[in-house]
Amino acid sequence: MSGKDNNKRDRISVLSSHFSSSRPMASEKEAALAATPSDADAPTIFDKIINKEIPSTVVYEDDKVLAFRDITPQAPTHILIIPKVKDGLSGLSKAEERHFDILGRLLYTAKLIAKQEGLDDGFRIVINDGPKGCQSVYHIHVHLLGGRQMNWPAG
Ligand code: 5GP
């Protein structure tokens with residue numbers, strides 16, 4: 001089995017073990033969207049990326065934040081910016097006052113990376129939340145998208 005297959009299998013097994021659903025799952029995204037996370041603190045695929053157990057293309061890292069290229073890019077530049085410590089922030093809807101600093105840091109880091117990536121004509125920031133927000137990984141993350149003309153309204 002190739003390394004790519006191994007990564008995919010890992011992703012499926014992590015997603016499957018953290019979402020509860022009785023219906024068959026056609027894809028990872030559907031698997032995630034079909035159910036709610038069983039535990040806000042449950043590990044996700046992003047923990048494996050943070051711990052370098054699976055590879056990713058890191059574009060920025062400091063002691064609090066990691067940013068890496070999305071495996072399924074929706075634009076020429078598509079980067080995910082995540083806190084290294086989840087601290088209950090499985091999604092934005094779980095934010096508490098104690099998260100002020102990390103939430104600000106995620107957005108400020110997005111601005112730094114946009115500059116680093118040369119997105120001088122603009123970019124888009126997305127935070128999907130919950131099943132209706134199309135969230136599939138329950139470890140808060142900021143999507144930074146750029147390098148093409150964005151459309152509005154978003155789908
Ligand atoms: P969400 O749908 O939760 O807003 O975004 C999750 C994102 O994580 C998706 O855009 C998906 O492509 C990305 N993703 C899922 N698994 C991996 C992975 O193993 N590596 C990377 N780099 N991105 C991933």
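Here the Cβ of each residue, glycine as well, is placed from N, Cα and C on the backbone.
TrEMBL entries are annotated by machine, without manual review.
The compositional bias 'Basic and acidic residues' annotation in TrEMBL covers 1-12. Under the heading region 'Disordered', TrEMBL lists 1-28. Feature annotation from TrEMBL assigns compositional bias 'Polar residues' to 14-24. Annotation source TrEMBL lists domain 'HIT' at 45-155. Annotation source TrEMBL lists motif 'Histidine triad motif' at 139-143. Taken from TrEMBL, the feature active site, tele-AMP-histidine intermediate applies to HIS141.
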Going by DSSP, how much of the domain 'HIT' (45-155) is helix, how much is strand and how much is coil, in residues?
32 helix, 24 strand, 55 coil
Across all chains shown, how many C-beta atoms besides its own are within 10 angstroms of the C-beta of the residue listed as 'active site, tele-AMP-histidine intermediate'?
26
Within the predicted model, mean pLDDT of the domain 'HIT' (45-155):
98
